[in-house]
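Remarks on the structure that follows.
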Amino acid sequence: MWGFWLLLFWGFSGMYRWGMTTLPTLGQTLGGVNECQDTTTCPAYATCTDTTDSYYCTCKRGFLSSNGQTNFQGPGVECQDVNECLQSDSPCGPNSVCTNILGRAKCSCLRGFSSSTGKDWILGSLDNFLCADVDECLTIGICPKYSNCSNSVGSYSCTCQPGFVLNGSICEDEDECVTRDVCPEHATCHNTLGSYYCTCNSGLESSGGGPMFQGLDESCEDVDECSRNSTLCGPTFICINTLGSYSCSCPAGFSLPTFQILGHPADGNCTDIDECDDTCPLNSSCTNTIGSYFCTCHPGFASSNGQLNFKDLEVTCEDIDECTQDPLQCGLNSVCTNVPGSYICGCLPDFQMDPEGSQGYGNFNCKRILFKCKEDLILQSEQIQQCQAVQGRDLGYASFCTLVNATFTILDNTCENKSAPVSLQSAATSVSLVLEQATTWFELSKEETSTLGTILLETVESTMLAALLIPSGNASQMIQTEYLDIESKVINEECKENESINLAARGDKMNVGCFIIKESVSTGAPGVAFVSFAHMESVLNERFFEDGQSFRKLRMNSRVVGGTVTGEKKEDFSKPIIYTLQHIQPKQKSERPICVSWNTDVEDGRWTPSGCEIVEASETHTVCSCNRMANLAIIMASGELTMEFSLYIISHVGTVISLVCLALAIATFLLCRAVQNHNTYMHLHLCVCLFLAKILFLTGIDKTDNQTACAIIAGFLHYLFLACFFWMLVEAVMLFLMVRNLKVVNYFSSRNIKMLHLCAFGYGLPVLVVIISASVQPRGYGMHNRCWLNTETGFIWSFLGPVCMIITINSVLLAWTLWVLRQKLCSVSSEVSKLKDTRLLTFKAIAQIFILGCSWVLGIFQIGPLASIMAYLFTIINSLQGAFIFLIHCLLNRQVRDEYKKLLTRKTDLSSHSQTSGILLSSMPSTSKMG
């Protein structure tokens, strides 16, 4: 509509302009001046209009005067171009672009739009201008092949068709089989132009039933060919369905000799498989059967499932321990050693295999070795092995090794040529040279003396046996030297059972019945020998005697004698051998003789009374009856009790009293709640440790039969007594802190220490000491005569070391405590210091010496002339330590006595709970809780 008014405006303007130009002409005609004839009267882009007496200028359409007037005159005014595109209402309309030109404006349609004429429009033209959307999709080829064109306002877009993807400016076919997971498992994807399809693999079919499908909604399922066609593999084979296929195979235990194509009917026949190629376990044999097999363990092995024949691959063949099943597998006097699948027989020590006997299965024969050689003795003793190792280079073993080697030289002469006669005279002379080294013998340790004594006795016995087995010209001999006498007899004639053989040497005699000669099963001509040693009783004396009567005075009162017989059997005879031994000194009426034999099984050799009995004893002789050939001596036990026995009685009586008192103290500390506090708990731990240590000491100190159990007992005693001393140290420290707290205000109090920390100290440190001690010297626990720490190797210091340290600390702390207590008592008023409780307090303070173990220092002073007095004091005080604890902490504690009275009289008077100064050293009241 606005275009119409614009045209109308232009029409009137033209008419006006025309009128204005015609009037001047008329004026000129009428005779006036026409200024408009001068073309410079008006500026450029203006029209001049003449009036009757003047003129005026008007800017052309699309221009405005610089002074803003429509009609103007005069110079200086210009007509300036008007930018119609900047007007508020766009002259071109929507979807168009306005371009200003001189005096006018040009309208152009935006990209994607077009006017009705398809051309630009100049403002002022007669026709209307309207930009309409252009549908580019109507243009052929504007989008590439396999794409769709979509028109939009002012534009368009191209989209590839389904199954195609854009590659640059063209649409290419998309291979869905490569770019996407479009088919299910066990299916094959096939690509087509713009699409795809899926087919199941051979032997499978789709769940939808069709041959082709798209997407994952369907799945490929296995076709069971074996169930659809039962004759697929034929009558002799087994059809096995597999995923997507099937196979034909032979039954278990059979195989097809020719190659079988998977999934095809089998040709040929199935043959039996020999499964015995690496099928059965180790130590077994395999037996093949038609279609199967079974395993059987080798002799000496048994299956783990107990079956004779088996097929289970998890079954193993385990070795049979024939030695455990039958202890007599190898026969008498033998040792059975199990090996995989079998066993080995060997002879016991002092026995050897009989070369004349049968060595068949279960018929192994061992006969006794008639005499020992150096190799046999070396194996019996660690002392000798050590001596052989150092070869005399160690000065500490020089004397011992010298005597050992001298004795072995005698034995080597006997053993080197067992078929040659042995000279008893020469051997006796050599033995005398060893025995005459009395000074050297007395310098040896107890273990070395017993070891050397054993070697010497065994050497003499072996020499006598060798002389009897291969006699020289003299069938019976009598050898006399300064240090030993020997009488030997070879019995060439038949010895009747009721007869006996008498041998004598240095006043000692041995009577051997002929029945013993027969029982001994002699090889060749039987023979017996008897030896009596001079001065050997001073070396192998009563200190090597271990017996429960050691509390009586003992002394050796005979020479050491020995007897032997050529037979294999040397002990457990049906009738005894009679030994008559002459006394070195007359027997006293108060003395009782003990017939002892040298036992090499106890340590390296000890005198023991087992196997022999006293038949009769006179002032000059003792007759012994023994059931074996042995080395014997007579030990006299005096009727006078030794100091050790008195100490033994005192120790045991005092220990029993202490146990009773400790039990009462433990019950008091546990059950009397009124006296329970920080200190009584410490007393309780000390009492428990002492109670356990003393009761184990009473019941287990002499349990030496089992060395392993004895070592365990010794280890527990070590720990318990150490725990006692560590708790004594805790008591001493706590007592000192408590007394010092009375003197100094706000001083560190014993109540500030938690009980858990004290328990860790009192029980933990002893464990650490025992573990370290056992690691350093595992054999230090247990001795031959008591279950305690070894006192001969220095191992006892693993106990004495900590004990001495604790005694020293406790003594210093106790002295300091008494000094502080004395200053405290002197500082109070004279009236208070004269109270009777002061005397009680002082007594209880001094009694702490016994409670805290300080009295153990008496054991160190058991030397010199005061040794016996110190021994009695030490035994009495320390055996009654439990009684002292009960006396100080219970009976002399008024609060505890009140609790005892209440318990006995069943009264419940609560007024008796008064505190007195007597509790000061036994149980300081504490309101703090236990840590």
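Using N, Cα and C of the backbone, Cβ positions are placed for all residues, glycine too.
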* **Same side of the membrane, Ala674 and Thr704, by Swiss-Prot annotation** => no
* Which stretch, out of 622-644, 875-897, is listed as transmembrane segment by Swiss-Prot? -> 875-897
* **Selected from Cys79, Cys85, Cys107: Swiss-Prot disulphide partner of Cys92** => Cys107
* Asked: Choosing among Cys220, Cys233, Cys239, which residue does Swiss-Prot name as bonded to Cys226 by a disulfide?
  -> Cys239
* **Cys345: disulphide-bonded cysteine as recorded in Swiss-Prot, out of Cys330, Cys366** => Cys330
* According to the record in Swiss-Prot, which candidate from Cys276, Cys280 pairs with Cys295 in a disulphide? -> Cys280
* **From Cys336, Cys347, partner that Swiss-Prot gives for the disulfide involving Cys323** => Cys336
* Are the transmembrane segment (755-776) and the transmembrane segment (645-672) near each other by the rule of at least 3 C-beta pairs under 8 angstroms (pairs 6 or more apart)? -> no
* Recorded stretches the transmembrane segment (680-701) and the transmembrane segment (875-897) touching, at least 3 CB pairs under 8 Å -> yes
* Write out how many residues of the topological domain 'Cytoplasmic' (673-679) are helix, how many strand and how many coil, based on DSSP. => 5 helix, 0 strand, 2 coil
